[in-house]
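**Student:** Copied straight from TrEMBL:
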| type | residues | note |
| --- | --- | --- |
| DOMAIN | A:1-462 | domain 'Cytochrome oxidase subunit I profile' |
| TRANSMEM | A:12-36 | transmembrane segment |
| TRANSMEM | A:56-73 | transmembrane segment |
| TRANSMEM | A:85-108 | transmembrane segment |
| TRANSMEM | A:135-156 | transmembrane segment |
| TRANSMEM | A:163-183 | transmembrane segment |
| TRANSMEM | A:195-220 | transmembrane segment |
| TRANSMEM | A:232-256 | transmembrane segment |
| TRANSMEM | A:262-288 | transmembrane segment |
| TRANSMEM | A:300-321 | transmembrane segment |
| TRANSMEM | A:341-362 | transmembrane segment |
| TRANSMEM | A:383-406 | transmembrane segment |
| TRANSMEM | A:426-447 | transmembrane segment |
Amino acid sequence: MTYKSQSVAKLYFIAAIALFVAQILFGLIMGLQYVMGDFLFPAIPFNVARMVHTNALIVWLLMAFMGAAYYLVPEEAETELFAPWLATLMFWIFLLAAGATVAGYLLLSYSDLADLTMNEMLPTMGREFLEQPTITKLGIVVVALAFLFNIGMTILKGRKTVVNLVLLLGLTGLAVFFLFSFYNPTNVVLDKFYWWWVVHLWVEGVWELILGAILAFVLIKVTGVDREVIEKWLYIIIAMTLITGIIGTGHHYYWIGTPEYWQWWGSIFSAMEPIPFFMMTVFAFNMVNKRRREHPNKAATLWALGTAVMAFLGAGVWGFLHTLSPVNYYTHGTQITAAHGHMAFYGAYVMISLTIISYAMPLLRGRNAANPAKSQTLEMWSFWLMTISIVFITLFLTGAGILQVYLQRVAENPQPFMAVQDQIGLFYWLREIAGLIFLVGLVLYIASFFVGQDEPEPAVAD
Amino acid sequence: MAQAFTKTMARNIFYGGSAFFFLLFLALTFDTSGQLPSRDNRAALDGPMGETIAKGKELWEKNDCIGCHTLLGEGAYFAPELGNVYKRFGNSIDGIKGFIASRPKDGIPGRRSMPQFNFTDEELTALAEFLKYVSEINTAGWPPSDNG
């Protein structure tokens, strides 16, 4: 750690990991409710567990992105953070808002929460992933603006690197597109159309800029490859991301009342969306192969390579699987979507978060470069357990999805939704078992922060 | 080759390409806005049931229906698609109202069950009218089967 103010990132990373645990626990509850429908009913209905599962994910990823920015922006800009106190203050506001919101989900009925937070004044609640009370959304805007101001001022007064500029661009886009969450017309088609401007333009647009910038930063650090080379790759990857991804939004406009030409625009452009992810894989492996130093943090390098591979598989391959409109006609809104969602989010955004945490945390905790071997070994075990589990979760959900599509939509006598769900229960059980192994991986991950801390760092063979 | 393709060129492709395709996206959005009135069933929103439908959408959101169901294929995959439920229930407002009103308070042992929301008759009508309105949106022939 070169600059004192980078240490504020530690708070963000710790909170991110805590919320990650909450996300997984509620995921396991939901998974069980899929096969034991009355589990925890009516205390924690499925929709409540799902809100906690998805909202905790979103918030912890945002926490990790902010932590990443507070860590890497000063280092790239070669100057202290503009206002470290503001970063600390915003952390507590964000954490408090997130905590209060989750408490609201769990302790109140959703409609009471809507009344309590005066949703009727500016109704924004009750839409997928945007379930947060309007006041929480306003809080997110305040936190995001203060954060952008802090990061922006730091970049302005320091060295302007490509990594910093791309990161800032991604984070600005994140804040700007979030504003569409306040637009909620009665017209369902318009509602859905602009809802995707938050959801799609986040995860298949500006978030990929953030992902690319963090990956580039870590690769510069662990491989020692010339910055010029890495920055060129970064530009070309994010160019392909936005060139394919913006019009690729069209793959959500097939069946929601929008004109049918979107089936062409959406199919053609989103079929190209795997390209930037494939380039990212080639990029990461190339840089590691051409490394000019042996960085002692093997775990961080593993996470970086893992991100590149799993983002390609989850977002690229599993996305392509159902993105062409003639295929999507049958798969839209089934477990196929869920399968893709799980591996894409894990591969792209969970893994890049764990990459930067893996790289930065040892330094934030006062070590020279890396955790001791014992700790890294445990962390790498957790990498494999979580990653293999998510692959199996995805495969089981894909199996469930294929059967669901056939029985409910394709077979000669299509069957009702619940009749089909009863027949594919085996896949949901297998998914739940894979989820439990994921939890074991997560426990090992957390344990890796506490083992061998008094042992020396692995030697650097430079 | 490595020399021929410079970082500046990569940067220009990024800025130029992103700007171009974002503008194209805005143009398509503009065109879509022009076509929506003939597809999105806004006549129902402007008609005599408009206020009831708006009330129905408020209730739909206030009770997080999307947390279990899909609507035009978007939402959660725990409970049936509702974009076409009006048709599935034989074009019956009363059918929808009766189903929602009759959910058991403590659920069904061992099975998934919709919670009992204790809606008034007026609220049930609003929800059902909202679902009827959605079912009359032109969705390009989706879903493939009435089962959703």
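Even glycines carry a Cβ here, placed using N, Cα and C.
Fair warning: this is a prediction, and the values are worked out from it, not measured in the lab.
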**Student:** Output the single range from A:12-36, A:56-73, A:262-288 maximising the number of Cβ pairs under 8 Å to the transmembrane segment (A:163-183).
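**Tutor:** Counting Cβ pairs under 8 Å, the winner is A:56-73.
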**Student:** Given the cut-off of 8 Å on Cβ pairs that are 6 or more apart in sequence, determine whether the transmembrane segment (A:426-447) and the transmembrane segment (A:12-36) share at least 3 such pairs.
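**Tutor:** Result for the transmembrane segment (A:426-447) with the transmembrane segment (A:12-36) is yes.
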**Student:** Over the span of the domain 'Cytochrome oxidase subunit I profile' (A:1-462), how high is the average pLDDT in this prediction?
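**Tutor:** Summarising the domain 'Cytochrome oxidase subunit I profile' (A:1-462) by its mean pLDDT gives 97.
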**Student:** Can you work out whether the transmembrane segment (A:341-362) touches the transmembrane segment (A:85-108), with the criterion being 3+ CB pairs under 8 Å where the paired residues are 6 or more apart along the chain?
**Tutor:** no
**Student:** At an 8 Å Cβ cut-off, counting only pairs 6 or more apart in sequence, do the transmembrane segment (A:135-156) and the transmembrane segment (A:85-108) clear the bar of 3 or more pairs?
**Tutor:** yes
**Student:** Near the transmembrane segment (A:232-256), which same-chain residues lie under 8 Å Cβ to Cβ, leaving out any that are not at least 6 residues past its ends?
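**Tutor:** Beyond its ends, the transmembrane segment (A:232-256) has Cβ neighbours at 162-163, 166, 188-189, 192-193, 196-197, 200-201, 204-205, 208-209, 212-213, 216, 262-263, 265-267, 269-270, 272-273, 275-276, 279-280, 283, 287, 323, 325, 328-329, 332.
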**Student:** Please indicate, using numbers and ranges, the residues of the same chain that are 6 or more beyond the transmembrane segment (A:195-220) and have a C-beta under 8 Å from a C-beta there.
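**Tutor:** Long-range Cβ neighbours of the transmembrane segment (A:195-220): 65, 68, 72, 76, 127-130, 162-164, 166-167, 169-174, 177-178, 180-181, 227, 230-231, 233-234, 237-238, 241-242, 245-246, 248-249, 252-253, 273, 276, 280, 283-284, 287-288, 300, 304, 307-308, 311, 315, 344-345, 348-349, 352, 355-356, 359.
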